[in-house]
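Below is one structure, written out as C-alpha cells; comments come after it.
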Amino acid sequence: MDCSPTFCVPGFWNSFIRFHSRSSRRRRCLHSLGLAAMPEKRPFERLPADVSPINYSLCLKPDLLDFTFEGKLEAAAQVRQATNQIVMNCADIDIITASYAPEGDEEIHATGFNYQNEDEKVTLSFPSTLQTGTGTLKIDFVGELNDKMKGFYRSKYTTPSGEVRYAAVTQFEATDARRAFPCWDEPAIKATFDISLVVPKDRVALSNMNVIDRKPYPDDENLVEVKFARTPVMSTYLVAFVVGEYDFVETRSKDGVCVRVYTPVGKAEQGKFALEVAAKTLPFYKDYFNVPYPLPKIDLIAIADFAAGAMENWGLVTYRETALLIDPKNSCSSSRQWVALVVGHELAHQWFGNLVTMEWWTHLWLNEGFASWIEYLCVDHCFPEYDIWTQFVSADYTRAQELDALDNSHPIEVSVGHPSEVDEIFDAISYSKGASVIRMLHDYIGDKDFKKGMNMYLTKFQQKNAATEDLWESLENASGKPIAAVMNTWTKQMGFPLIYVESEQVEDDRVLRLSQRKFCASGPYVGEDCPQWMVPITISTSEDPNHAKLKILMDKPEMNIVLKNVRPDQWVKLNLGTVGFYRTQYSSTMLESLLPGIRDLSLPPVDRLGLQNDLFSLARAGIISTVEVLKVMEAFVNEPNYTVWSDLSCNLGILSTLLSHTDFYEEIQEFVKDIFSPIGERLGWDPKPGEGHLDALLRGLVLGKLGKAGHKATLEEARRRFKDHVEGKQILSADLRSPVYLTVLKHGDSSTLDIMLKLHKQADMQEEKNRIERVLGATPSSELIQKVLTFALSEEVRPQDTVSVIGGVAGGSKHGRKAAWKFIKDNWEEVYNRYQGGFLISRLIKLSVEGFAVDKMAGEVKAFFESHPAPSAERTIQQCCENILLNAAWLKRDAESIHQYLLQRKASPPTV
C-alpha cells in the first residue's frame, strides 16, 4: 500500500528540535506532559489454530442503491483439533445462517453467533464436536457498503452526463477483509479464493483473477453473475473486487501478461501513461527477481474515493485517481513522476508481499520498506532523466531521519497486536526508514549478491509467509557478509547514529577519528547506555568525489582510520551519495574545507544536499547555531539541481513556520527572496529549448517560493498570467498552475478565493481539484480562512482530500494554524467518524498541530486527545506534542541570534 503524502507543506514532517544544554529539563518536561510513554497496549490474541481455511468460495451481491450487500460463503476448511466452535474475524456483518459439513457426513448447523465487536471476531458455536479432518463451512450473511473507505465500501462518482452514482469497491489492508465476509483475516492464514459477483449487467465487475464465466442471474434479468478464476494461495488482505462504470486501455507486457488500466468513463486516454509504466515494470521485476509474474493478468484501476495512494491487491491494484491518471495536456511533471513511483511501488508488491507475505504485521516494514526502495530502482530504469535517486534522499531518507530522531519514534520492527495498532505503523519509519536501510544494505552487499539473495528468498518462500530474519538469511547466504548482525542494529532499535569526525594530517596521509552516538532531536544524547549501530561507512575525497576511497564497517563506538595519500589541500567527506542512514558532524576545519565544494559544485548534488540537511538538523537539535546554517545556505547561489533546491526549500519552509511565531517573520521572507531570486531570474517563466523534467520541477518550486514570499516581479507576473488563464486568453501550463495559484491567493482577497473555488468546481480532473485544494489555505484573512475550512468538509471535497485542505490552512500562516486547530476541535466528531481511525486521522492531526511552538500548546493538544481518544493516532499525537516542545525550545534558543543576523544582512547585504 502506498500511504505517502502527495503534497509538501512547510513543516509537514517533524520539526524535532530542542535545546541541548537544557535537554534534561526538556526530558522532564516531556515526562510531565506524559509524552514519553506510549499507552498500554490492549490485550489481544490471534485466532486459534484449530480450524483453518483451504479455499473460500465467495459470492457477493452488492446493492448500489441501498448500499447493502448479501453474501454466501462456502469455505473448504481443515479441522486440526476437535472443537465445538469456530472463531473467525467479522466486523459490521450480520450472519444469518452458518453450518459445517464434515466431508462425507451430515451438515451441523451453528446454534449461536457470539460477536466480540471490540476484537472484531465472531465465535460460531455448534451443538456437537467438529472432528479433525476436512469439511465445508457455509455462512450466509449481509453487510453494509459503508462510506468509510475501508472494507467493502461505496465510492461516489459523477457520470459524464452529470448524474451522481456509486461504485462498490474494496480496501482490505490491514484488517478490513472481515468487513466484507467472515474470514480468518490474518496474513499467515492463506487460502485460495473462488469469487463470484452478482452485479447490474451494465456494470464492470473485476476481481483478482480473470473472468471465466458471465451468465444471467436467474432471479433478476437486470443482473449478471460474474465468476472469476481461482486465485493462487494468498492472504485475505490482498483480495479485491470492484463493481462500477469504467473504460480501459490495455496492452501485453513482453512476457505475455495482459495489462489493463481502468479509468472513469470517457477518460481512457488518461490511463495510457500508467499503462506504459506498468508494461515496462513487470518485465523489469521479473528479470530483477528472476521469478515470473504468477497471474495471467494485472488490472490497475482508478477509484474516486480512496484513502491511501494505492493498494497492491494481487492482480487488481487500486489507486487514487491522482496516483494513476495523467492528462497529456493538464498533468504536471510532478504528477507523472508520482504516478510512475506509485505504479512501481504496487507492482513490486506483486512479488514482495503478495507472492511472499509477512508472517504478521510486525514485519510490515519488510513489505513497505522494500517496495518503497525498489520503486525508485524501477523508475530509474524507466525514466533515467528523473534523477530519482537524488530525489529519494529528499523525499524518503531525510523525512525518516526527522521522525526517527524523536523520543517517540519506534523501531522499524514493532510488535503489533490489536487491529487498532496496525494503522499506526503505516508511517515514515516502516516506509521511508525501511527503504533507506534497504538502500544502505544494497550498497553494502552490491547489486549482484543482492539480486541473488532476493531470488533465493522469493523462491524459498513463494506462496508462504516469511519474517525479517528469513530475508537476512537469504542475503547472508548470497553475500557471505554478516547481514543479520548488521541489520538487527537498524531494525530492532529505534533511532540512528550521529557520526562525529575530525581529521589530522600525518605526512602524506589523513588520519580520521570517528565516534558514534545516538542522534536526538533534543541535542546530544545524555543517557547512560548509548545504543550502538554497525554502520557501513564510505569515505570520498576531492581527488575523486564520485567514488569511495575507502569503505569500512564501523562496529564499535570509536575508531581511527588512515587514508593514504591525501594531500592537505584535499577535502574528505563521509557518506558518499548520502546512502548510510546516519548524520555526520564534522570538525570545524573539515567543514570549512567542504564548503567551497558547494559553491563550485565539485561536491556531487546528493552530497551537497546531504551536507546541508545534516547541518540544518544539527541546528534544529541545538548542536550548532541556526545562523551558521543560514550562512551555508547562501553558498547555494550557483546551485542548478532541482532536488538540492527542493530540500533547501523545505528546510527554509520549516524555519519560516517557526519564525511566524515572532515579529520578524518578514525578515526571513527577505532572506528567502535573496536566496531564490538569482535562480528565479536564470530560469524565467517559460521553458527553454532542450529543458526537461527536472527543469520544469525546479521552475515551479522556485516561482512558488518567490511568489509566496512576496517577490514583487514574481507576484506581478503571476497575477498577469492568472488573469489571462481565468479569461481563457492564455491557459497556464500544468507545471505553472500550483505556483501561480499559491502566489495570487497568498496576496489576494475574497474575489481571488471566489475565482479559485469557481475553477475548482469547473475542473474535470481530480489532479486539478487537488492542486487547488492544497493551496487554498494560503488565503490571507481570518474570514476567508474560515470559508476555506468550511469548504473542506463540504460535498465539493472528496473525503480523502479534506485532510490536505485543512493541512494547507494550518501550514499557510500563524492564524491559519490556530484556526485549523480550533476547527478540528469544534468538528472532531464529524472528522473522526469520516475516517473511523485509519492513517488519514494521524495525518490530519500531524498537519494541523505540528507547527505550533509554544510549550502550553503541547499540553492543550494532549489534553484534547485524552478526552477525545483516537487510538490509531496515539503515537502521532505523542510525536506532535514532542515536536511542539522542540519548536518552542528552538525558538527560545536561536530566535534572537537569527534576528540579529538578518538585520545585519539587511544593513550590509552579502556580495554574491
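Glycine is no exception: its Cβ is also placed from the backbone N, Cα and C atoms.
Residues or ranges marked as domain 'Aminopeptidase N-like N-terminal' in TrEMBL: 53-238.
Residues or ranges marked as domain 'Peptidase M1 membrane alanine aminopeptidase' in TrEMBL: 273-490.
Within 10 Å of the C-beta of E368 (Zn(2+) binding site) we count 28 further C-beta atoms, all protein chains included. Among the features that TrEMBL reports, Zn(2+) binding site is placed at H345, H349, E368.
Counted within 10 Å of its Cβ, the other Cβ atoms near E346 (active site, proton acceptor) come to 29, all protein chains included. The feature active site, proton acceptor is assigned by TrEMBL to E346.
What TrEMBL records for Y431 is site 'Transition state stabilizer'.
Counted within 10 Å of its Cβ, the other Cβ atoms near H349 (Zn(2+) binding site) come to 26, all protein chains included. The distance from the Cα of H349 (Zn(2+) binding site) to the Cα of Y431 (site 'Transition state stabilizer') comes to 13 Å.
Cβ neighbour count for Y431 (site 'Transition state stabilizer') (all protein chains, 10 Å cutoff from its Cβ): 27.
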